[in-house]
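Now, the feature entries from TrEMBL:
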type	residues	note
TRANSMEM	12-30	transmembrane segment
TRANSMEM	36-58	transmembrane segment
TRANSMEM	65-85	transmembrane segment
TRANSMEM	91-116	transmembrane segment
TRANSMEM	128-148	transmembrane segment
TRANSMEM	154-178	transmembrane segment
Amino acid sequence: MTNSTISQNKWWLSVIIGVLFIVLGIWSLMTPVATFLTIAYFIGFMFLFTGVAEIFSVSSQNPNWGWSLLSGVLDFIIGILFLTMPPGEVMLVTTFLFGFWILFRSMLGLGLVLSLKNSTDHPKSDQWKSIIALPIIGIVLGFIFLLSPVIAGGIIVGIFSASIIAFGVFEIYWGFFLKKSSV
């Protein structure tokens, strides 16, 4: 939150928001299955949205339009799978689907970076070295998700919970900062 979002005389709103986020973060750590299911269903909706958006943005003018269409269809199918799988299977299947998706998107990204490297007419073709590590990291993470799905599920919940708690701590700090600066 910024000064324009919460005025200095409403500093306590930031503190309340922070406390609520900390409570949510602790709750999510204490209920990892419910947290994981919520994250999985949210991811499912994001896959659906991404898939539909990518399918509708495919242009036959792009020489790689087939890969973009395939990527959109794959995202759409994965979204449907995320949203229809039974809750008992979601923890295992979600990490496998997510691992395969990470691998596919990262390999696609690696291909795009390498095509940028080989392109002599693109104005930024010399910058491929600065971004090639990102899809390689994605490929490594994809394999980790596939080899250790239960650990990956725990990591997902842990990172989510820690992020929510960190945001809560920031909001509380920000609220008291606003209070001190309004004196």
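Each Cβ is built from the backbone N, Cα and C atoms, and glycine gets one as well.
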Using a Cβ-Cβ cut-off of under 8 Å, list the residues of the same chain that are 6+ residues beyond the ends of the transmembrane segment (36-58) and lie near it.
65, 68-69, 71-83, 87, 90-91, 94, 98, 101, 153, 156-157, 160
Please identify the stretch among 91-116, 128-148, 154-178 with the greatest number of Cβ pairs below 8 Å relative to the transmembrane segment (12-30).
154-178
